[in-house]
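Peer 1: Right, I'll just put the structure down here and ask away after.
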Amino acid sequence: MEDNDGKQKKAGGRLCSICTQRKAALKRPKTLEQICRECFFDVFEEEIHKVIIDNQLFKSGERIAIGASGGKDSTVLAYVLSELNRRHNYGLDLFLLSVDEGITGYRDDSLETVKRNEVQYGLPLKVVSYKDLYGWTMDEIVKMIGLKNNCTFCGVFRRQALDRGAALLKVDKVATGHNADDIAETVLLNILRGDIARLGRCTSIITGEDGPIPRCKPFKYTYEKEIVMYAYFKKLDYFSTECIYSPNAYRGFAREFIKDLERIRPRAILDIIKSGEDFRISTTTKMPEQGTCERCGYISSQVCYIFSCLHI
Amino acid sequence: MACGLTGTGTGTGTCGSSCYKDNNDGIEDSTNTFSPPSSTTLLPHMKLCYKCKEEEVINSTGGLCGICFRNSLFAKFKQSITTHDLISSTDNILIAFSGGPSSRVVLEFVHEIQQKAQKNSDASRDKLYPVFGVGVAFIDESAVTSIASDDLDNAMQDLRLIVSSLALPTKELHIVPIQSIFSTDLKDGRNKLNELLDTVNDVTGKEDLLCHLRMLCLQKIAFENKYNKLVLGSCTSRIACHVLSAAVKGQGYSLPADIQYIDARWKTPVVLPLRDCLAQELNLLCRLNSLKTLDVLDAPRSGINDLVSKFLTTLQEENPARERTIVRTAEKLIPFHFNRLKETKDTDETLPRRRRRKVNLQPYESVPSEFLCSICCSPINKLDMECLNSKLEGCETNFTIFGASCCPSCQFQILPKDSSSREQFYSLLPRQMTTRASDFIGGDQTWLREQIKDCLLSDSEDGT
């Protein structure tokens, strides 16, 4: 029977478990189903579309900035959002928004990737740099304070830089490429550190709704491996070097643990996110209040305080 | 001769001091014979306990001697009991003993406070001070472990010796095979148990199911022998593992239920008096005080639980306070209504006035009734409940209803996937679990009807 089937290219080759017509090309990381490339593209995109619709992430006519670092997550996000916007008529104006931290040999190369994406996807690109906004590059900051804790400085700066860039573009929302692995990792880290305030909100798919420009994570339930696989099969152009200043020691523990979990039980990543969503935090626990900074008027963060440290 | 030499150099006072210290330590310090002693020379050799300043410090105790170290752990134990009213004088408590360091310490500490209570009772004239009763339960899991029978026999003998060697009051020891919850015929029960575990494919699910069966067995012993509280030796480290494991299994909603001092969702409430002590501390205490543990009974673990345990061990080496931080994080999650004991007024009246003081507990925000998973007894949250209810519509068979009354985690890792395996799984379960599912369906019809009404409304809207 199999011998007579002309479509069967190899003896013993399995067919896609979804369409049962084409040859299976991959084992899907999230479900371990063996499927073909076309079906993988379909389920991957359709799941993200479902997340966008179910959570009402966007409204027709909105201007959306995609946080673009040149890495795989933001590259795939830019590609997929463009596709879904066209296919399902979201009616969105999409932009690429990049932050230039001023890290020689790392960010300048990744920004070249984003500039190519701008051309390939037809999305306008805006780059904001630490040098322009704050007068310092990350190279200069590290020279002053050393490698220790430099990620904290950079994280605080980048967050405000993204807000400032979004304000310049006059967008309604910012979409970031945080994936399921990132969110599960954050849930774990907040448990390990005893950070109850963040634990309560780190699984939100939209954050900052009370602020000027909300942020959303369309890839909240999308596995990192699938993003890599999608980029690979679509032959998307992305930059994959890690930051040269990042010691990554502590996050590395949790990251490695999550990879081990995924190997034993792929669904564990979604289960961690579900736990994070289901936690009920006691209202008697005092939560830090969020206010507006007196000096610059933006949502209160540590930028101005850190600036004081740098100028001393 | 050495003293003589030193004497000529410095004087009789210093000589006497030096002699005293040498004798006290019982250590010959060769440097003293050649040079006059000085305070700087002495300090590096003798670290004294920061608390009593008398005894030598033992490593890994945080600067304490053996006696003060034990006293500090006992104080934590006592504090837990007093603050949360875990053991009262009219109780009859059952200690779950596994042979490990934690349950060994809890046995020792409970025995100590019982002895003191007995002395107080004996000393009082009017016998107003009743003394709580203590029993010890050991669950024999040799039906499902690969332990050698010789090793098991030796362990049982050691266990009986440990319990019998405790001074009066007498403690009854219950050694019960885990298959007894399946059948009074132990051979039949053994077969059912093994068949049941074989239907579970997931390694972690199998392990967790065994854990749930163990609790069923302990509850059975407690109920049949009229104990009113069950004492577990769960320490900070074990609870930290549980917090992470539960989070990884998607049980974020129910995990606060398992980590409080009191858990009264069972017929016999469960209390955790050693909750504030670390496994490392308890291990050390057993070594220092020669408390015998039954190491051969340690079961090997695998799957998610083992991975979490190894992960925490790695983190603990990097930062010793990690386990406490994890538990402290979980403490900020809202407990459930059954995480406190029901207040009984009868007991209060029999006690002298001064013993009626109670800690004012914060009011818990919780719904009056919580639906519990039929397998693991975890509370099921409202969203998951709605999913379960939609599955319930049109269900007719018992095993289908049972499946729908389990939490998502148990459905994934314990319940078999296909219908025939699920039916077999249901037929093998102990009766206590299957009756729980019946209660789940039969009880609180109003609540269910309300949920179904919500579904019906949304259905009609879709129809329009």
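Yeah, the Cβs are placed from backbone N, Cα and C, and that goes for glycine too.
A TrEMBL annotation is a machine prediction, not a hand-curated record.
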Peer 1: Let me know which member of A:Val43, A:Val51, A:Val99, A:Val156 TrEMBL also records as binding ATP at the site of A:Gly67, A:Ala68, A:Ser69, A:Asp73, A:Gly177, A:Asp182.
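Peer 2: Same ATP site in TrEMBL: A:Val99.
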Peer 1: For A:Val99 (ATP binding site), what residues in its own chain, 6 or more apart in sequence, show a Cβ-Cβ distance under 8 Å?
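Peer 2: Within the chain, A:Val99 (ATP binding site) has Cβ neighbours under 8 Å at A:Gly67, A:Ser69, A:Val127, A:Val128, A:Ser129, A:Tyr130, A:Arg158, A:Ala161, A:Leu162, A:Gly165.
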Peer 1: A:Gly177 (ATP binding site) has how many other Cβ neighbours within 10 Å of its own Cβ?
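Peer 2: Step by step: centre on the Cβ of A:Gly177 (ATP binding site), count other Cβ atoms within 10 Å, giving 23.
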Peer 1: Out of A:Asp73, A:Asp182, which of the binding-site residues has the smallest number of neighbouring Cβ atoms within 10 Å?
Peer 2: A:Asp182
Peer 1: May I ask which residues of the same chain, at least 6 positions away in sequence, place their Cβ under 8 angstroms from the Cβ of A:Ala68 (ATP binding site)?
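Peer 2: Residues satisfying the criterion: A:Ser74, A:Thr75, A:Ala78, A:Leu96, A:Leu97, A:Ser98, A:Val114, A:Asn117, A:Leu125.
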Peer 1: How many other Cβ atoms sit within 10 Å of the Cβ of A:Gly67 (ATP binding site)?
Peer 2: 22
Peer 1: What count of other C-beta atoms do you get within 10 angstroms of the C-beta of A:Ser69 (ATP binding site), across all chains shown?
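Peer 2: Its Cβ shell of radius 10 Å holds 22 other Cβ atoms.
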